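> Let me give you the structure first, and then I'll get to my questions.
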Amino acid sequence: MSHGKGISGSLQDDVPMYTTSNGCPVKDPEASQRVGENGPLLLQDFNLLDILGHFDRERIPERVVHAKGAGAHGEFEVLDDISDITTIDMLKGVGKKTKMFGRFSTVGGERGSADTARDPRGFSMKFYTEEGNWDWVFNNTPIFFLREATKFPIFIHSQKRCPQTNLKDATMFWDYLSTHQESVHQLMHLFSDRGTPFSFRHMNGYSGHTYKWIKPDGNFNYVQIHCKTDQGSKTFNADEAAKLSASNPDWNTEDLFRAIERGEHPYWTCYVQVMSPEQAESFRWNIFDLTKVWPQKEIPLRRFGRFTLNRNPANYFAEVEQVAFSPSHLVPGVEPSADPVLQSRLFSYPDTQFHRLGVNYQQIPVNCPLRAFNPYHRDGFMAINGNYGATPNYPSSFHPMRYTSTNASQSHEKWVGSVVTKQTPITDDDFVQANGLWNVLGRQPGQQENFVQNVASHLCNAKAPVRERTYQMFSRVNGDLGATIKTATEKQS
Ligand code: NDP
């Protein structure tokens, strides 16, 4: 029986035509082809196969943490001049605005779990800056349960379901926490009423980790970022949260969506705590310890901006489910500190996005930077953005690319171990062993001649400047070798 016929027959041209996934218009998408009135289905019915096959693949792996969340688009604005401490492009100039996307979440529950669970909240922002996407992958607490990287997956296991009963398990929960007592500070936050925020709109966000804001001359400060809700911090007590878990488990998701729909655009004021490397060395607290804050009386907050969430996603899956944050999505002027938990997150977040969304997850529109040009990344599932066409997929001498300059390091870096980003330079030493092999070949009659001919018959197909550079390279192996290869090659070019 056809349900669609009556509609499709009479509609205007500007109404979209329903098609199969390959664009073929379909007469009746709800009808399937059968052998006669009551016979079996036909394998030739592509519309049916298309619908079933797609439906069977609708689910992607849910986030192993932060699975349940809500998000919205927005805008960041610089409120104060902080050019004395940073040259980050997004923060240059009072009034400068940057488009963004934010996502909030619970941590431990699955995608269908209750929003009002006692749990930290994820607080992630993606800023589409002129110099790439800058992600703030924060929480609503300024600290966390642990300070060692390997403990993260282990700790999360203890807060999830029991492997035998598939139930949340208070013994597991407290067994871990009472045997890993560095978590007590976070437990104080979690079991205060801030453990059950009233809504995503009414909670703060904290970087928790220490980052470095580094200037082009190599000078840097350590920083922690605070985002304070301008809606006011508001919480549920345990009873209220438990009741909502039953009556409206999607309360926070709904609250955010409805508020934006009503035009009540939530906003947060952003502050930074700034500490010099010298201060860090003698500070009372280890600044790379994620279980500690920087007391605000000693390191005051300095205001620098505000972001506002002002547009709901048009499609939850495309935007909220597929948005992919990582603390390693940084921009010039920001570097990770040596905090080991941050360091491990730099790896783990892109790794999980590769698994969840695929290697080309940055090509999904909500993740797409304003500009990206990395033609050394090639292929892989869903290479949909033209795959860089004919641009060489290696550093080609025919297609030069600009690279940004790296920052100089400072003496303080010795305290944490200096990071060096460089290639090992080519020296005469690199040719010594190649020369040794050339001499070995000379011990056997004909081997050197074969080598020269083998190179020449291949090299003759390369363009002239490449041939010339290669002759010079072989000259460094042996005084005559470059010239010998040149003579043999040019005869064949
Ligand atoms: P301060 O008295 O200078 O700061 C305390 C901060 O605690 C406030 O600025 C406020 O930050 C936050 N706060 C207020 N009420 C609550 C609450 N019910 N639950 C959790 N946090 C609250 O002291 P310190 O900076 O020395 O910090 C003292 C303790 O406060 C810390 O050990 C930490 O547990 C907590 N805290 C500290 C923060 C920091 O970055 N120093 C940030 C948040 C909490 P806000 O406006 O951000 O809520």
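In case you wondered, yes, glycine gets a Cβ from its N, Cα and C as well.
Quick caveat, the model's predicted, so the values are computed rather than measured.
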> Pick from 1-22, 111-132: which range has region 'Disordered' per TrEMBL?
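Within the set 1-22, 111-132, TrEMBL attaches region 'Disordered' to 1-22.
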> State the count of C-beta atoms found within 10 angstroms of the C-beta of His66 (active site), not counting that atom itself.
23
> Between Asn139 (active site) and His66 (active site), find the distance joining the two CA atoms and give it rounded to the nearest Å.
11
> Provide, as an integer number of angstrom, the distance between the C-alpha atoms of His66 (active site) and Tyr349 (heme binding site).
12
> Relative to the Cβ of Tyr349 (heme binding site), which residues of the same chain, six or more apart in sequence, are found under 8 Å away?
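For Tyr349 (heme binding site), the qualifying residues are Val137, Ala324, Phe325, Ser326, Pro327, Ser328.
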> Test of understanding: give the count of other CB atoms lying within 10 angstroms of the CB of Asn139 (active site).
24
